[in-house]
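**Student:** So TrEMBL has the following annotated:
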type	residues	note
REGION	1-53	region 'Disordered'
COMPBIAS	1-15	compositional bias 'Basic and acidic residues'
COMPBIAS	23-39	compositional bias 'Basic and acidic residues'
COMPBIAS	40-51	compositional bias 'Polar residues'
TRANSMEM	59-79	transmembrane segment
DOMAIN	65-492	domain 'Major facilitator superfamily (MFS) profile'
TRANSMEM	129-149	transmembrane segment
TRANSMEM	155-177	transmembrane segment
TRANSMEM	186-206	transmembrane segment
TRANSMEM	226-243	transmembrane segment
TRANSMEM	264-285	transmembrane segment
TRANSMEM	300-317	transmembrane segment
TRANSMEM	324-346	transmembrane segment
TRANSMEM	358-380	transmembrane segment
TRANSMEM	392-415	transmembrane segment
TRANSMEM	466-484	transmembrane segment
Amino acid sequence: MPEIEKAAAREELPERPAITDGVVDKEAGEIALREETKPTEATQDSPAPSTNDHDYPGGWKLAFAFMALILVLLISGLADNMVATAVPHITDQFHSVADVGWYYTAYHLSSCALQFSFGKLYKMYSTKYLFIMSNFFFMCGSIICAAAVTSPMFIVGRAVMGIGFAGGTAGFFSIIVQTIPLRRRALLGGVFGAVESLSAVAGPPLGEHSFRPAVPTLDRENSDQVIITLLVVSGVLIICFIVDQIIRGDKAVVPPRIAKTRNVYAGSIFIATAISSLGILEYYAPTYFQAVLGYSPARAGYMMTPCLVGTLVGVFLQGVGTTYFGYYTPFMIACSALLSVGAGLLSTWDASTGLAKIIIYLAIVGFGAGIGLSVPQLSVQTALAKGEMSMGIAVVLFARAFGPALFVSIAQAIFTNSLPRNLHQLAPQTNFTGIGDMGVNEIKNKFGGKNREVVILGFSESITQVWYLALGLACFSVVGALLTEWHSVKEEDH
């Protein structure tokens, strides 16, 4: 009996904590608290909830956001294409042909200069209000351009529009990341690409089918001390910027950790070269139609339709294909290949090129551009965490804006320097002084008669030399395509 009573007493007593659980009451209390707050073993072993279950908006919220993105994309595309085609009327009003290049450069330079800043801002502040503010800047710039009474005022308006465009594009992709699952972004990207193509088609009619009439020359030679000084200073500043970003680390404008991400730098190389190649081809094709083939400005604008239709088809197939197969890298490789083939074919154009070759070659260029130019933004989203996507996309958008701003200017330098040289070689007895202050048709009319064929041939050879630059850029874009990692959009969202 005493043994039974002792056993019962032991059962009634609370279990003494083990030595490893604590000796003093205070220590035991601390350990008990840690045990209560510690996640259960089942919770640790259970899989983390998939971000595919993220509460993305649906219904009317998604519909209104989608319509807002489409309208912003359409308006920005129209503004860019309308100005490019309305340049003749602008130069007639302001009497300043020398400022033509600034109408393009001011817009794109201000845009790419602020991409990094907006990438940071969208990470820190409300996407909604920043996006609205950016569109407000874009509208203010448009109003300044519409009310401009001088060429400098118009250039300022274009720069303000570029600021709004920088914030708008960064916000565009931030909204997509926040509202659309990764696996659906490629397909919807095809829809947005179609809208962008529509704005390019509608731009020439709204801009009255015009194209720049003049061939302005450079104010200084490449060997000029001012040009050399500017090149050296810009190179030094770029090196200083890179060193500063490395020293600052994660506090930098462009954190090295993000810049060194393979899909970020590969996508930047690809988009900068591929979009520049396309920009050169699209920028000088109308000049070829008017100067070499003798087409009217309206017909020259409509002759770009095969390129735009090819882009539309390519964007749609890329969106559907990426959504179905999951992988986007093959479309980048195909884009580089088709752009290279298209640029090479365009370099064979001359005064006797038939309509069938023009349509087919432009369609190849457009299809190649459409099938791959929207991929780098998507590739960044599969390689970075959600909180880092805005900065990664900003890097790619910077490359997208900086590439054409740089290489279209280089193409312009090649064209304006080679045209007088080619004309003098073809007709050394003729004085071609002053052609830089004339329009395309003015040159052909002034040097008519027996020299007319010489002028046409000179234009053709100069444009061909520009095509070679586009061909080289298209070929180099394959480097970025091959460096891009093979991630699938069907994988778990970041």
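Here the Cβ of each residue, glycine as well, is placed from N, Cα and C on the backbone.
Small disclaimer: the values here were computed from a predicted structure and weren't measured.
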**Student:** May I ask which of the stretches 129-149, 392-415, 466-484 has the most CB pairs under 8 A with the transmembrane segment (264-285)?
**Tutor:** 466-484
**Student:** Ranking 59-79, 129-149, 155-177, 300-317 by the number of C-beta pairs under 8 Å to the transmembrane segment (392-415), which range is first?
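**Tutor:** The stretch with the most close Cβ contacts to the transmembrane segment (392-415) is 155-177.
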**Student:** State the residues, same chain only, that lie 6 or more residues beyond the ends of the transmembrane segment (155-177) and have a CB under 8 A from a CB inside it; answer 'none' if no residue qualifies.
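**Tutor:** Non-local partners: 65, 69, 72-73, 76, 79, 83, 99, 102-103, 106-115, 118-119, 121-122, 127, 130-131, 133-146, 148, 185, 188, 377, 381, 386, 389-390, 393-394, 397, 401.
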**Student:** What is the average pLDDT across the domain 'Major facilitator superfamily (MFS) profile' (65-492)?
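**Tutor:** Overall, the domain 'Major facilitator superfamily (MFS) profile' (65-492) comes to a mean pLDDT of 79.
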